[in-house]
Amino acid sequence: MRLKWDWLSENTALTGRCSLHYVSSLGLQSSRTARSEEDRDTLWDAWGSWSECSRTCGGGASYSLRRCLSSKTCEGQNIKYRTCSNVDCPADAGDFRAQQCSAHADVRYQGQYHEWLPMYNDPDNPCALKCKARVSGLVVELAPKVLDGTRCYTESLDMCISGVCQIVGCDHELGSTAKEDNCGVCNGDGSSCRLVRGHYKSQHASGKAEDTVVSIPYKSRHVRLVLKGPDHLYVESKTLQGVKGELILDKSGQYHLENTTLDYQKLSDKEVLRITGPLGADFTIKIQFASGADSVVQYIYYQPIAHRWRETDFFPCSVTCGGGYQLTSAECFDLRSGRVVVDQYCHYYPENVKPKPKLQECNMEPCLASDGYKQIMPYDLYHPLPRWESSPWTACSTSCGGGIQSRSVSCVEEDMQGNITPTEEWKCLYSPKTAILQPCNTFDCPTWLAQEWSPCTVTCGQGLRYRVVLCIDHRGLHAGGCNPTTKPHIKEECLVTIPCYKSMDTLPVEAKPVWHKQAIELDEEITVTEEPTFIPGPWQPCSRTCGAGTQRRTVKCQVLLSFSQTVADLPDDECDGVKPEESQSCYRTPCSGVVELGKEEEEEEEEDNTETPQREELHDWEYEGFTECSESCGGGMYTTFWPLWYEKTEVLRGEDCQNPKPSPIQACNRFDCPPMWDARDWGKCSRSCGGGVQRRQVLCKQRLADGSVLELPDTFCPSKSPTTHQPCAKQECPPKWVTTDWSQCSVTCGNGVQRLQAVCKKQGDDGRYRTIDPKNCSMLAQPNTVRSCSLRICENSIKPDPTILAQSKVYIQWRKGKKLQLVVGGYAYLLPWTPVVLRCPTRHFRKGHIRWLKDGKSLVSLPHLSLTSLGYVKIHQLLSSDAGIYTCVAGQAREQLVLKIIGSKQKLSVPETAESWFFTDGQRKLGLPDAASTGERFQELPISLNHYDNIVERLLELKGSLQDVKDVVEKPHFSEKNRSTLEDERASSELSGPFVLIADTHKLDELMHSLSEGLGGPRGEQLIAQLLSELTMTHGETNESTLHPPEGSESSTQGPLLHKPNIKAHASRPRRPVIIQQPRKVGGLPSSEITVHVGVPVLLQKPVASLELRCNAVGNPQPSVTWTKNGKELPHSSRVGPLSTGSLRIQSPNKVDEGLYTCTARNHLGSTSLSSWVCFFSVHFRWRVDPWSQCSASCGGGSQHRRVSCTRGTETDRAREVEIQHCTGRRPSDTRVCNLQPCARWATTTWGPCHGQCVGPSLATQHRHVYCQDINGTKVAYRLCGGLQRPSSVKNCSTEACALHWRIGPWTQCTATCGRHGFQSRQVTCVHRRSGKATREHHCMWRPRPPSWQRCNILSCGRGECRDSTRYCEKVRQLELCPLPQFKNRCCHSCRNT
């Protein structure tokens, strides 16, 4: 067996979207077949021919390709597979997976050569080529995919195709679920073998050294033996040729004997032997005795049935032309010897059922001498197969109660002229023989049904009583057919136990015979039978409504024609017996005013001659009628009406009857209903959209006479079954994102990425998803297509460089406080005597190895400064000498912190040694200072040291101006208080402000850019005030644990920066108005109610309940306060208006309230104003990404990088960058892999000659070889070029060899002049246009082949021979039924003269 490394195993099927160029890149290796009808309805070309098999034995795979004929997209796959070479490999061929591992033996791995052994049955990835080094035991995945045709698992037929494990059934078909039965037969039923089980117990007392446990014959399977005891098992074998062998089982493991594998397991207390089989010889399991107790052996195996029926091939055809038959037979085959034996051997096994012979037509060509060629015709169109022909059913053996019908069934042949002749039965055995018996008239026979007895006709002594007796058939109807000899009597005597006080010879007096009359009238009806019988019709109504009249009815002589089930009228002389009466007298009620003379005289005479006392009047119930039955079958109920009748049939009141009223409810229609369909409710729809199916259960049921319901097979219901499924959910499905599985990690170790594809698809009516424009899914959230992955730590991986987690912050100390912690990376403006901790957070670096520099020199510990073991710098009290540039060094990483001291007049001071480190623009020098002097006093430096100093100094000036106002207010107290007291008050006042202001450097950079025209002017003042407001309002959010003022301070929450110690004590001195400003929001109020001192900008990000602008104005006399908006007088309303304190309150502020609000305080000495901006804005944080950088490699896999930042923007301002923790959601990736295509390219040879299969007029195909080569020109595996567009390996070309067309000959004469079996043929040949030379037909198959035969003379042969086709034609003529078309056609001969 050869190894085919260049097969298409590395290419995967393209599904869903596939362009013309991409499909053609796979290459159609051979000529293309004609497009099928299914392909013509799509955009696909026809499938190409099957490729060469990937293996020569042991089961491989072959593929076929097709191309997309449209520039658009084609739905479906462009590649399909099938198995091939499903024959066993020679014993010396070796394992296919082992061959693939050994192919890597001449390739160095980690600098060494290895002998690789295969690793089997990997549960995670069975289609990866994992091999193990024989010496070192190293397990390596040498290839991501094994070659196509490699078994996934050792004990399975499943094979790997394109790296995916595909299911293979025992029939060697892809996707098949066929499995072998216990006998080893694919899709078998287990009938070709027998299960044998038993046990054996050793007898040590017999003195034997060994004994035979069981003999297992050749080809047995699934053998299992378990020995419990001290003895030992061993195996002997004997082949069919008589060669003997022996196998000693001494330790656990696998053994081989006669091409059979044995699994032996030896445990402490038992031995287990398993043989999957089939056995290659007869095995004898023996036991070797040991000392000790007796052993017990249990065994089980499947023994093949040695003799089986085997179907033979078809025997030679019965004729050489004109249509004949050929048969198969069955022979008894001996599996052991491989010879055919006599049938008695196979009859020994009950499981063996001899197969029935099969019949097929053969040599169907017409025996034509003119054309000299044979034309094969479809079978059934002109010469039918033998078939079973049955005669009509005989009459049923009984008319009711279940009988039997029979008929004769014979095998017949029909020739081409339509003549039918009987033939041998074996010719029809290819189909089941039709039944010759069937049940009939299974309904119940009519039975007599007696109603209740009437009351006795007398009120004393002995009388008579009557009842109605009906003949009820199986439908519950009153009909004939009951046996007259079994009819119950309708009249009987009755005795009333009341004496009549009459003489003994007086006869009982009868009442009017109402019941007797009804019993006679409701006698049985006579039904039509196959014998001529008089059939009376129903009585017509009485000719008179009162008095005596006449009733008439029709009586006909009729007969039932069994073959047509119709009733025919006959002359009266055809019926035997007396004809029933056609008229009778009738009497309903007496006519009013008319006395019947005879009756009246009779009554008078009777009264005169009667000497007995007047007898009692007879009152009794008589039914008048009944309602319709509640059910038409299956047992129902009806209600009767019982009016009270007098003796003379007069209606009386109900209380006049002494007897109780009979029950008004009676049973009716007590017979079985015919079988009917019972449809259940519809089930749930199979889909929620896109067209689904609802199903329901439909059963055939019958309601019986007792009301129960019986479930029957579907064949019992005569009508068509109601539909069991219907369409539902017809609305279109909405589009959605459909994702593929995550790809493998981009790296084999360390950190990488995984990717998936998200495609916008829509489910169609057929349930399949179709790719649509991604715009249709734009409203849906697209799933993530990239995620990170981490694998094992890479060997010899380079340790990452240490980094310092610096923070670009500017710290401005606002007041004195407790210890302050700073992080390197920014600037710090601090007050002296403040405890400070400098931190340097690092990654991938030990904190104990951090070094610190100050002004470029190593930092050493001082009495007030120390270096901790965790890399911190602690300054217990900040001195002027501590100002400078602090550098944190962690390996090659360095970060600085510029520390400046705030002087006594809010000026910035640095030592002279640090001054040399700055340019005027704030950039650092690279050289070291010449000298270091740390003991000098502060020196005021009014000039800026870098571009942040201007803003910081302006903030400090704003703080100083506020302090000056405070000093003016406090100046009268200065003579009364010493300096320490004033300092305490100042300290108390300062507690109300923030401890330190922290600003981001990028925020200050933006402010500098906005103020590039200078810091003076109203706009600059406003921006500085806005910055101070933001920093003071958010200082609690930056470092709440260390920067909040003490909770116990009295003025920590409400006291302003400037306060009035004792204004009233100096009220007598006139003073101009002054508005006291506090640059922060006043606390202590709910968050929904905001109070702000005027002078501070108000920026509202969300709705609030109210806003109060507080204007604290002082002066002597007390000034008046007025408010304006945008320079105009502020109109007051219920929502906006001033308070009694002078403050302005705005209820529910909104966008309309935006503007500049100004508070003006006036008295006769002057006025002052202070304003605040009120603005509404919303802040949006979003991720911003820069363009990707250029890929680091042009092929083979590189990487790209981009900058990802978090930006903040409002409705009016442009976006600016902020810290990344402000942005929520998934952070965009800043790295990605690129140029994954290998450093290889496709190469081609020159085009071959134009002599491929013809695909059009004068068009053939030519081919060339396409291969993958690296940059050095060496051929490499196809998979290395898998990401590149593959050149086409086949194209159309022009050649005269394909100038072919179909040549059509004339039609032959029709084989019949009428009927259904005539046909004619013609010759159709593929010939060259110029030479006329005939060639093979497949060269012309690019154009449909014209038909070479057709049916002809499809006319009725009715004008031919006139004969009868039924045995009832004589009766048809006698009954004058010939004019009817259905009788005239079947009785042509008998009806010819009528």
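From the backbone N, Cα and C atoms, a Cβ is placed for every residue, glycine too.
Any TrEMBL annotation is an automated prediction that lacks curation.
TrEMBL annotations:
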- 599-610: compositional bias 'Acidic residues' (COMPBIAS)
- Cys53-Cys84: disulfide bond (DISULFID)
- Cys57-Cys89: disulfide bond (DISULFID)
- Cys68-Cys74: disulfide bond (DISULFID)
- 802-898: domain 'Ig-like' (DOMAIN)
- 1073-1171: domain 'Ig-like' (DOMAIN)
- 1358-1394: domain 'PLAC' (DOMAIN)
- 597-617: region 'Disordered' (REGION)
- 1037-1056: region 'Disordered' (REGION)
- 1120-1147: region 'Disordered' (REGION)
Long-range Cβ neighbours of the region 'Disordered' (1120-1147) (under 8 Å; 6 or more residues past either end): 1091, 1105-1113, 1153, 1155-1163, 1174
Tally of residues which DSSP labels helix, strand or coil - the domain 'Ig-like' (802-898): 6 helix, 47 strand, 44 coil
Helix, strand and coil residues within the domain 'Ig-like' (1073-1171) as assigned by DSSP: 3 helix, 53 strand, 43 coil
Spatial separation of Cys53 (disulfide bond) from Cys74 (disulfide bond) - C-alpha basis, Å: 27
Listed disulfide-bonded residues (Cys53, Cys57), ranked by Cβ neighbours within 10 Å, top entry: Cys53
Rounded to the nearest Å - Cα separation of Cys89 (disulfide bond) and Cys53 (disulfide bond): 14
Sparsest Cβ surroundings (other CB atoms within 10 Å) among the disulfide-bonded residues Cys74, Cys84, Cys89: Cys89
Local confidence of the prediction over the domain 'Ig-like' (802-898), expressed as mean pLDDT: 91
Between Cys57 (disulfide bond) and Cys84 (disulfide bond): CA-CA distance (Å): 8
Neighbouring C-beta atoms (10 Å sphere around the C-beta of Cys68 (disulfide bond)): 24
Cα-Cα distance linking Cys68 (disulfide bond) and Cys53 (disulfide bond), given in Å to the nearest integer: 24
Residue pair Cys68 (disulfide bond), Cys57 (disulfide bond) - Cα distance, angstrom, rounded: 33
